[in-house]
Amino acid sequence: MGLFLLNLPLQKSAKVRYTERVAKGGIWMEEKDFLQEIKEIEMIKEALGLLEWDAQTGMPEAASDFRGEVSGYLAGQAFSRSIGPKIKEAITTLKPENLSEVGQEVLTFVKEEYDLNKAIPADRYEAFMKETSKAHTAWAKARASQNFDDFKGSLSAIISYLKEFIPLWQKDEATAYDVLLNQYEPGMTVEKLDAIFGEVKDGIMALRARLAEGTAPQTDFLSRKVTKAQQKRFAETVVKELGYDFERGRLDDTIHPFMLDLNRNDARITTRWNEHDFSMAIFGIMHEAGHGMYEQNIDPKYDHTPLSTGTSMGIHESQSLFNEIIIGSNQAFWRKQYPFFQECTEGTFDDIDFDTFYRGLKQTRASLIRIEADSLTYPLHIIIRYELEKEIFNGDVTVEELPTRWNDKYEEYLGIRPENDLEGILQDVHWSGGSFGYFPSYALGYMYAAQLLHAMEETVDVDAVLASQDYSPIKNWLTEHIHRYGASKKPNWLIQEATGEALNPQYLLDYLKKVYYTAYQIND
């Protein structure tokens, strides 16, 4: 999971001219004053982000209530100023034609956020943020006890807050859940997702049935012990080669992996380890590094503005999943990296030839845990969460009923049923932070990533690059078409410009067919 709280040093470019001055009630508003107010709001968010990182990587459990007070206060301060008199003055008096290019882009973005949030009482937002801070501790406690009851109260409170806010956010969205979706992926609706996810679900189900006729790969070696130190050496080296800059980032341990960007020079990633499942941490670190690479390569001209972050959760996930799955499923990539993996693991896999190793990595089987799912069944995990979130905000399911509904859907879509709440509804951190509407972004990001690969291959020989010692052509292409824009462009615009067409889920299905037909030795 990426937490995208943006804050970067203000760019002082000679191209920026602070010429706009408007008198209103004896007060002069200049572009530089507007950008200074934005900078100060972003600095509060940066401090808040550091507290969030600490809360998820090492804060004592007993500190939860105190941290909730501090985080809630800072969030309330940032929120109040974002809808405060200075911002109102700016959006009602500054003329875009008199602003610098960055000033125009920031003003447009800030006005959208102001119009969205101005009806939310600041004290209610602060209370909501305090609740999410405490909810993370409740979620962690529930995971330890494997008992949803320890989290149920906090989850109910968060859902209640969101249901209170939705009518205040709602404009022309058709449903309550559309309001939440639009905050993570602008322009996305239930109607669109129902059609897209229906196509993807049917395609994956058909592919899984076809693979049952193939030759299943050998997988017993995947559970061999690989120490944390061995995994870390391999993973850190790989993501550094892919373009993640450890001088502007770091890797820490956590319960649920995430990336948190404080600024483009401080984009932190986290992971968790299992010495008998090396793929979880290795692919997880590749995933989070993809998020971090996005943040590290945004144009510095957006420093200390809300544009210095990813444009949507779907686009952000496209960058993490490009690393984890598009590159992580590539034969040329693994053919180059496998000798180094064998070196890192100190002989543990010397008896496993490359083809056996690669095919084993691409096994597909039903699993209960989303972040441990293979790249074929992963979208089904997202669709389950999407359908549950729709039910919550349509009023079709109560909080008490959620664990059973969750388990029923896993049985329906994947043929397996969780034995406890830890394997089921408690596995994800997102709901404890109020992130309803986020999950569909993972599947959208997967589709975006496959489509970006298709477009990239028109000018970049991806296999040749991944077989080489220099991966920079891939990162440079992504920076040119995605990273540098930050949040200055909408996701639909980025995908259209980068690929020449709107989102097309068929690219994902074609990609999955290619990868898994190879792994299961199916000729078609």
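A Cβ is built for glycine as well, from the same backbone N, Cα and C atoms used for every other residue.
Listed in TrEMBL:
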type	residues	note
BINDING	H287, H291, E317	Zn(2+) binding site
ACT_SITE	E288	active site, proton donor/acceptor
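For the recorded positions shown (E288, E317), fewest C-beta neighbours within 10 angstroms: E288. Across the structure, E288 (active site, proton donor/acceptor) and E317 (Zn(2+) binding site) place their CA atoms 9 angstrom apart.
With a cut-off of 8 Å between CB atoms and residues at least 6 apart in sequence, the same chain places P257, S320, L321, N323, E324 near H287 (Zn(2+) binding site), listed in sequence order. A simple way to gauge crowding: the CB of H291 (Zn(2+) binding site) has 28 other CB atoms within 10 angstroms, across all the protein chains here.
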